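I have placed the structure first, in the form of structure tokens, so that the comments after it can refer back to it.
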């Protein structure tokens, strides 16, 4: 067997390859840190109070400003003076702010709601109070066209407010401290202008919007992806897709040219390349020209498949080099380790479908809107973070076992000739270095996964918000591509063979030394000498 490139390439060339990959890794961080802006932007909106004089709900759209602006009131005191009922008041929010336009480059739009509620002794917030919201969403692409309805729903949101001072008449007019509430999420931003009309219908008989305190204002926070970050992200995907695709085709061509069938490790490396290509393909370019609201969900599915493949690869990569493997080259051996990874990925998919799947039809739906949904979502984030940490610890334990296995096999090295011993010591050093790089990549992946999960629910953490720099996103994404590229390149079969330049007499001695270190259970061949060296039983 010719062996893999990681074994037969000269140290000088390997160092050059390593330096080039390192430079690309630094460049991927610099792209996010120096070129791309912040991943997201948050814009604050204050809802204007419009009066529906005709008292016909959703009979027309109310604009907070502009040439066709609605009949507005400053506050509810004015409404009482003018004898305007609460059911006649419409809170109107135009997105974006005046003289601005939304863009498909923003990719998504998340809107968060907060109520300004004043304390009043005779109108306090009851325990477990819920706000019923009658909300409509419309869009248009110029400043003169009629508004087109996009969605309409009646939603309920539970208030979670605290009054930090004593509830006395002296403190009337002070505001409650209320948590942010999930309001709306759009999977695409295909139109230039959006209009939200929000009503708070009141019914004493049905106990609708009763016991919710004295609402003074409604504030919204619109969060969308920065267009500049989107362009940098698309450019990286467009550049990396052919790079991984070319190395993947080249790798599998070299595998198929061998006389033996590919082993499990080589198949898993190829599958890893396929999953990396799948997440790389820049289908997001189409979202700029088409109103594909399912792109967020599709992106999550692609991310989940890659996570499952990457985590499974690391388990199999380590497992195939463990001395206590009695049945190598069989995927069924790893069902206890890979099974939980697949199950966890499936749970991620179900969780995503429960929210973003429903949001395809109703953008105002949120799993965080109910107590049960909030508890489940919080528990999911916490459990996912704990499982990710446990996985990393388990991977560290497997790497430790691999290192211990290799150290045990090194006892055979002193019996070899000096040249052969130095050759195997060099192979061991290269493999150990690759394993340490794998651990570093795994650690960064786990950190990225946890931060991503926390960041998605950042509005729920109250005052504790998490800002993730663009360099972190581009750096981790670049790291995954470079790692997959390196694995396929280094584990591709080499056209050279160690010992080709040795004399026939030397080769005769070396062949006996090879037999001492080579293990076989189902076949004599493997991808690398280290792979064969770390088997359980030595070939006599």
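Any Cβ shown, glycine's included, is placed from N, Cα and C.
Per TrEMBL, the range carrying the annotation transmembrane segment out of 210-227, 264-281, 282-299, 354-371 is 264-281. Note on TrEMBL: of 184-204, 331-351, 499-519, the range annotated with the feature transmembrane segment is 331-351. Sequence-remote contacts of a segment are chain residues at least 6 beyond its ends whose Cβ falls under 8 Å from one of its Cβ atoms, and for the transmembrane segment (264-281) they are 237, 240-241, 244-245, 247-248, 251-252, 255, 302-303, 305-306, 309-310, 312-313, 316-317, 320, 328-331, 480-481, 484, 487-488, 491, 526-527, 531. Summarised as a single figure, the pLDDT of the domain 'Wntless GOLD' (48-225) averages 88.
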